[in-house]
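Undergrad: Quick one: the structure is below, and I'll ask about it shortly.
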């Protein structure tokens with residue numbers, strides 16, 4: 001393997017300009033807004049083979065450089081879709097104007113996560129053209145991460161596997177830093193499952209409760225039990241799993257009618273002690289006990305946003321930590337904080353770590369990112385690529 005050195009500047013792509021170009025694309029999820037077309041044209045110009053992997057109307061882009069299947073394959077995952085802007089009158093700038101003021105770039109998606117996509121694309125273009133590695137570099141971008149669509153990153157991974165394309169390692173460019181770029185990376189995230197409870201009793205007149213079976217006491221008792229039951233005490237890298245009661249509803253406008261049904265919603269975030277199946281079994285034990293106690297029927301439908309993912313500390317996380325420390329001067333802590341990300345679709349394919357900017361203004365009015373941070377992230381990604389392909393089999 002050739003010794004890899006720092007890239008020269010002749011193939012430089014300005015990550016700030018690319019971020020601005022992407023922000024100007026109005027990509028409120030799941031609209032493509034020409035962002036993937038822009039990326040595809042740029043990457044193709046610099047030697048990447050690009051293919052759209054759209055599924056059920058969801059836009060996705062797969063780009064790969066290199067044809068050496070005997071070498072290692074390194075992947076980057078990100079998204080170009082953004083959340084809605086809310087009321088434009090609340091913004092002090094054009095949400096899609098990409099205005100730069102006093103070293104700050106403003107716009108929806110500037111933090112989450114068009115700057116991350118731009119930084120890696122710029123770093124990868126320089127790397128593969130100036131120090132071509134023995135291996136392949138993949139850039140997998142979806143236009144529907146914010147909706148949690150199963151036709152986004154998951155569709156790309158399924159297409160890769162169906163076409164015998166396997167990455168050895170992936171990084172995801174979500175904002176992971178806490179206060180300053182490089183202070184944290186994510187090696188895992190909690191799983192998320194929403195449970196929709198429906199308790200069914202017997203409707204009746206509130207003046208004759210003996211002729212009815214009110215489902216509300218059963219629901220109240222059940223929810224109290226959930227509130228008092230700790231799922232676990234946490235693990236080495238994860239905080240305790242949590243259950244939040246987010247809705248309670250009878251749909252009953254009459255004050256003198258005992259309702260036939262009542263409903264509640266549970267939002268459960270679970271750590272690496274659990275799978276979604278184990279969580280549902282735990283919920284079922286509680287609902288069966290309430291059925292027996294109150295003589296009601298309880299159904300529990302669910303929506304799984306994603307399983308918990310965890311990449312144990314090892315060669316990949318150390319390489320990323322070392323690269324970040326070399327470029328920023330601080331060694332990032334390994335965390336599992338936050339909600340779910342598209343890493344949940346990648347962790348069964350290969351080891352995955354998340355590394356990106358700070359996220360203090362993501363999804364907020366006047367979302368913005370420091371120009372200096374975008375440039376710094378590009379250098380971090382460039383260092384990761386050089387160290388990865390120059391590690392002589394250490395990872």
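Heads up, the Cβ atoms here are built off N, Cα and C, so glycines get one too.
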Undergrad: Given that Swiss-Prot annotates 112, 363 as binding Zn(2+) 2, state which candidate in 130, 146, 325, 327 belongs to that site as well.
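TA: Of 130, 146, 325, 327, 146 joins 112, 363 in the Zn(2+) 2 site that Swiss-Prot records.
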Undergrad: Given that Swiss-Prot lists 79, 112 as binding Zn(2+) 1, which residue among 17, 31, 161, 174 does it place in the same site?
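TA: The one candidate that Swiss-Prot places in that Zn(2+) 1 site: 174.
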Undergrad: Out of 112, 146, 363, which of these binding-site residues is nearest residue 81 (active site) by C-alpha distance?
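TA: When the Cα distances are compared, 146 comes out closest.
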Undergrad: Just name the winner among 79, 363 (the binding-site residues) by count of other CB atoms within 10 A of its CB.
TA: 79
Undergrad: Between residue 145 (active site, proton acceptor) and residue 112 (Zn(2+) 1 binding site), how far is it from one CA atom to the other, in Å?
TA: 10
Undergrad: Rounded to the nearest angstrom, how far is the Cα of residue 363 (Zn(2+) 2 binding site) from the Cα of residue 112 (Zn(2+) 1 binding site)?
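TA: Taking the Cα atoms only, residue 112 (Zn(2+) 1 binding site) lies 8 Å from residue 363 (Zn(2+) 2 binding site).
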